[in-house]
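In what follows, a structure is listed as structure tokens, so that the remarks can point back to it.
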């Protein structure tokens, strides 16, 4: 198996996922070097096995969660499970690409798999934020929360999270392409038509997918911690464990 893609390509585009380019100016040809994620055949087989295990466990675990009784809390977890379940569904394509070092599934699935990966990332992050806000509201305003926290409200919030995640994932559809070279195909991001888009997209993803969500989570659980201090709830370490688990999950 030829697993070392250590070749140069003289093309008129640039890939920001798995390539390196020689220094050049606008109008010049770009020398692009695709680099495989597998340095040895053993490493490639190991990665395929690991991804296969992730796929099986992900489908089984998230499939069980999907059938849980619907409550406010399970609505959050159900959405997270559906998001992960969809990613598990497209995981076999990534496993095949990793094993073959050749994208044989066409342009549609190239765009679709990338889009779903980003939708999963953003929706999971936003849902963790909503869970944090929900718990903060429940602790700070227990009476109001008891009267206004409903499964319907949670469902609306989940839909909004998915819509926002889909909007932020659109660039992966626009810029994802398939190129053929030396008998093999590669699925990658092509920003050559608009080079500045890569920087703008990277910054927007960092801000919307990390800075803002993480700041909200930290604020929410800081407020919860301060509220729990001095109350009877502090005798139990369970709330703090949940907070730490959520923050670790965010990373």
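Cβ coordinates come from backbone N, Cα and C, glycine included.
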| message | Please identify the range among 206-228, 229-251 that TrEMBL labels transmembrane segment. | response | 206-228
| TrEMBL lists transmembrane segment for one of the ranges 6-28, 75-97; which is that range? | 75-97
| query | For the transmembrane segment (75-97) and the transmembrane segment (154-175), does the number of C-beta pairs under 8 Å, pairs 6 or more apart in sequence, reach 3 or more? | reply | yes
| Over the domain 'G-protein coupled receptors family 1 profile' (52-251), what is the model's mean pLDDT? | 83
